[in-house]
Amino acid sequence: MIVTDSDTNIAVFDSPEKKSAQVPLQALPSDQDAAPPPYTSSDPSSSIQFVLPENTKPSNFASFSQKHKSVKGTYILDPSQEVPSDWLPPLPEGETEKNSHKPILRDRKKVLLSVSSKHSPVSMSIHRDGPSPPFVLKASSKHANVTVKIPRSFKGSVTAIINHGRVSMSDAVSAQASVFSDVNGVKRFFVGDLNTRNVAADDEMFLENVHGSIKISFDDEDHMPGVAVKSAKGIFSRMFG
């Protein structure tokens, strides 16, 4: 799914195992020499139940672009579904179906998400049923904050690029993060147990901001009233607004 120039973008992925209470954000540690914090598994006993609005049907592709207004709505992404070819963007000049390199048609194990805005904040909350399928998230804004809420099952690398702001994590995320580098505005760290690292199966995040801040927390730390997702194994849901 690709969303551009949106006021507020909130992505939700279904997961029945939600934990913890609201935790304040804190600055991302930048001491490269510090030893990684001990990994602590999340407690599944305090999960938050999300419920999707009725009559919401899953699909495997969605693309939205607005120049002067926000993108809002509720969408379920089911990566197992086939995308009708006539729904996809047109092929580049000189390319045919046989030699097409459109990534949407490739056999892929990871779900791709891209959200960007030039002048408005980007807010995204991902809610997932269990640890799979893994996802790759790219979120950016040039002149406003980028806020990302990840599922408790997130395990993977995070690259945050920022010019004039700061990167902050909640206490809960920070406790699971191993910071590798913080050089010239590029911060790299891993969330989850490094001993189980698997590039092919891990999640990935690429976050970028020019004149704002980047904030990362778990999706159940600040649950928004009225926003809910029904448990449906293997189905991703996406909500904006």
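The backbone N, Cα and C atoms fix where each Cβ goes, glycine too.
Looking at 1-52, 157-208, the stretch flagged in TrEMBL as region 'Disordered' turns out to be 1-52. The helix, strand and coil residue counts that DSSP assigns across the domain 'DUF7330' (106-221) are 8 helix, 59 strand, 49 coil. Averaged across the domain 'DUF7330' (106-221), pLDDT in this predicted model comes to 89.
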